[in-house]
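In Swiss-Prot this protein carries:
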- 1-24: region 'Disordered' (REGION)
- Ser106: phosphoserine (MOD_RES)
- 162-331: domain 'PCI' (DOMAIN)
- Lys297: SUMO2 cross-link (CROSSLNK)
Amino acid sequence: MFIKGRAPRAPPRERRRATRGGLRQVVAPPRALGSTSRPHFRRASVCRRRCRKSGGLLAASRKMAAAAVNGAAGFSSSGPAATSGAVLQAATGMYEQLKGEWNRKSPNLSKCGEELGRLKLVLLELNFLPTTGTKLTKQQLILARDILEIGAQWSILRKDIPSFERYMAQLKCYYFDYKEQLPESAYMHQLLGLNLLFLLSQNRVAEFHTELERLPAKDIQTNVYIKHPVSLEQYLMEGSYNKVFLAKGNIPAESYTFFIDILLDTIRDEIAGCIEKAYEKILFTEATRILFFNTPKKMTDYAKKRGWVLGPNNYYSFASQQQKPEDTTIPSTELAKQVIEYARQLEMIV
């Protein structure tokens, strides 16, 4: 006899279990007559539990793969501190590889550039540009500074001026803002002097003096790396171009040659422009001396670059570039009339 309503639970002896597709299925007894209940199955819930379990294993395997890519054996739940330590350790290892290649007698510049590119990506994880909201350890700051210093020197060897300017803009933070927290770098004054020479070679005199004001007076007067560009700026203001050319012989470091050559080329162009205006013709040997060339071949190459033609008498002629006589005639009659009229008006005022 059945009672209307929910189907009663079947006795244990009447339950049946079946295994289909490796999943356990529990089947309820037939519903009671007139009952509105439906047989229920546990197959869906079992599937959901197994899916959740397999999904958790998949997520764990993904974490382990990501950790392996980052250089770790597995994943850890110790928090951001452990992650930062792992990144710092990886950056230190990559820096040692870069340093080893850079300190070779003839470093591979392409390989160094690739290492610098990878290191900058790693440094981004460490917030290598300090801000007010970040707290970096002394080890992290020194590591980032050393990498940027190699990058600045690498840019000089590659003759990449924009890259050098970017590296110096980043290094100034470590040289000035953190000078109390960090020990002084052995390359600080050399790179700051290079930056001054760079600004001078680009004729950015205002920025040159702005950077100079950030340095102590003692360094300006005594440090050999800073004194050199300061002396060059004084020679340029005096018009003593011969002293500028002589200064190339006593550069404080080999890296200064790159910007010195740019500065000397600019000065030569200015002198050559004045020669074209002031001389109708000039002797080959005299032009070589005025333009501070030490070999005739360099003078010949520069003359071809300027479009100068050497005549049979060993003279460079600039007659075609001189102003025409009518263009240089002084209107003396008109000037005299204006002066007389001006004097007459002064007498009327008195």
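Even glycines carry a Cβ here, placed using N, Cα and C.
Listed recorded positions: Ser106, Lys297. The one with the lowest count of other Cβ atoms within 10 Å of its Cβ is Ser106. Computed over the domain 'PCI' (162-331), the whole-number mean pLDDT of the model equals 88. The residue listed as 'SUMO2 cross-link' sits 29 Å from the residue listed as 'phosphoserine', taking the CA atoms of both as reference points.
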